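K.L.:
Pasting the feature list from Swiss-Prot:
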- 181, 185, 191: Zn(2+) binding site (BINDING)
- 182: active site (ACT_SITE)
- 260, 263, 292, 294, 297: Ca(2+) 1 binding site (BINDING)
- 295, 297, 334, 336: Ca(2+) 2 binding site (BINDING)
- 339-356: repeat 'Hemolysin-type calcium-binding 1' (REPEAT)
- 357-374: repeat 'Hemolysin-type calcium-binding 2' (REPEAT)
């Protein structure tokens, strides 16, 4: 689901410490907005399109993308007659290497409308896999791009390279990333710009990238580390297509619109059956872009102890499990729920009806648009609101575990419009003035009602949030 409504919020950091911290994280990883990012290249207007600029593909541009495109692949068992001239001394994949390559193939099939079929007959395969020991050009790995006229392309890997000698093919390993990268080439994806490992001068982000998003935070097809665009993966590599890879491959072949159509959990308690989406313990390292097609879905990062920043908006990046910008959400995808860990987390909702649970720690909870259900968990938590649109009377948020004297509701940056220069202030009854706030307690339901009037008679355009539990006090609020 794309964001249909946008929240406008002030960039004037005159709010509370927590509200200003939220603003910082709403702008995280956005070039020109995030002060921690050095922008060496201008952002692309369509970075995904850059990956398919050569229009390399299987089939034709006008093929029906609603029908899955079938590709056969094979692991070579002997030296082929058409082995590239600059490599020699063929060797076959062992079973562990085959299994890793199949996981990379599966990761592309998960996001694109492509049906991969394995065949033992190499001659009928569209994509082949093989190793070599010697390269006249010093190649580590390479693959050939497809065209509508071709019937077969090969992917080749240097068996004597440190990556494969060390068998670094597990999830987050460089070998696994290499398989995913080279398979991307066989499907028609290029490097983000016109550089290659065979260039006389080794490519660098500064000298070879032509736009900001050319990093391994955005695409497995890049040569350049994620730190160039502000992220930090602490030495691990993506095992699956990332944000711009997914958009690019779907533009060519269409999307896989049936995968993960039910309620899906990513992270701890994952039901994805994908290792790169799964956290097993507090030492797990996650690196992925979530592609999801339906259901009521959850980012469960409850087992991590570090301070996390979890953003549920499409095309956004989250800091999870001690890494920076390591989790993102594909364009057009809605993840409804998030569960934080035991650190001091920031949870940011989208325009769906989110369920956000902070867990232990002093968390910042921001539901955004939609009728949200919010839990701070243990610790001193702050629920921030920036606009009446985030909890109008007909789509009210519910805060379920507020503890008076510990937790806070922060409206210090609440947008009251041009007429609300006086800020939010408590009154006994609404009189129609902008910024008037009323706090009521229902002793029967044990629910607090907090409302803000934007002017005139209180109506569906105003603000109303429900707070479950014991009576709360005006001192539990941070006003503008």
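Backbone N, Cα and C define each Cβ position, glycine as well.
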K.L.:
Determine, to the nearest whole angstrom, how far the Cα atom of residue 191 (Zn(2+) binding site) is from the Cα atom of residue 182 (active site).
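P.N.:
Pair distance, Cα basis, whole Å: 10 Å.
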K.L.:
What is the total of other Cβ atoms whose distance to the Cβ of residue 336 (Ca(2+) 2 binding site) is within 10 Å?
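P.N.:
Excluding its own Cβ, residue 336 (Ca(2+) 2 binding site) sees 22 Cβ atoms within 10 Å.
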K.L.:
What recorded positions in the list 181, 182, 185, 334, 336 lie within 10 angstroms of residue 292 (Ca(2+) 1 binding site), counting C-alpha atoms?
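P.N.:
The recorded positions close to residue 292 (Ca(2+) 1 binding site) (Cα within 10 Å), listed in sequence order, are 334.
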K.L.:
Could you state the CA-to-CA distance between residue 334 (Ca(2+) 2 binding site) and residue 260 (Ca(2+) 1 binding site) to the nearest Å?
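P.N.:
The Cα atom of residue 334 (Ca(2+) 2 binding site) is 12 Å away from the Cα atom of residue 260 (Ca(2+) 1 binding site).
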K.L.:
Can you tell me which of the recorded positions 181, 182, 185 is spatially closest to residue 295 (Ca(2+) 2 binding site)? Compare CA atoms only.
P.N.:
181
K.L.:
How long is the line from the C-alpha of residue 263 (Ca(2+) 1 binding site) to the C-alpha of residue 336 (Ca(2+) 2 binding site), rounded to the nearest angstrom?
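P.N.:
Approximately 10 Å lies between the Cα of residue 263 (Ca(2+) 1 binding site) and that of residue 336 (Ca(2+) 2 binding site).
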K.L.:
Taking the centroid of the Cβ atoms of 295, 297, 334, 336 as the Ca(2+) 2 site, which other residues of that chain lie with their Cβ within 8 Å of it, listed in sequence order?
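P.N.:
Not counting the recorded site residues, we get 263, 264, 292, 294, 296, 298, 335, 337, 352.
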K.L.:
Pop the Cα-Cα gap between residue 260 (Ca(2+) 1 binding site) and the residue listed as 'active site' into the table, whole Å please.
P.N.:
25
K.L.:
For residue 295 (Ca(2+) 2 binding site), list the number of other Cβ atoms lying within 10 Å of its Cβ atom.
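P.N.:
That number is 14.
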K.L.:
Could you give me the DSSP helix, strand and coil counts for the repeat 'Hemolysin-type calcium-binding 1' (339-356)?
P.N.:
0 helix, 6 strand, 12 coil
K.L.:
How many other Cβ atoms sit within 10 Å of the Cβ of residue 191 (Zn(2+) binding site)?
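P.N.:
The answer is 22 other Cβ atoms.
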K.L.:
On a C-alpha basis, identify the one among 181, 185, 336 that is nearest to residue 297 (Ca(2+) 1 binding site); the candidates are the binding-site residues.
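P.N.:
Going through 181, 185, 336 one by one, the Cα closest to that of residue 297 (Ca(2+) 1 binding site) is 336.
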K.L.:
For residue 294 (Ca(2+) 1 binding site) and residue 336 (Ca(2+) 2 binding site), determine the Cα separation and express it in whole Å.
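P.N.:
One finds 10 Å between the Cα atoms of these residues.
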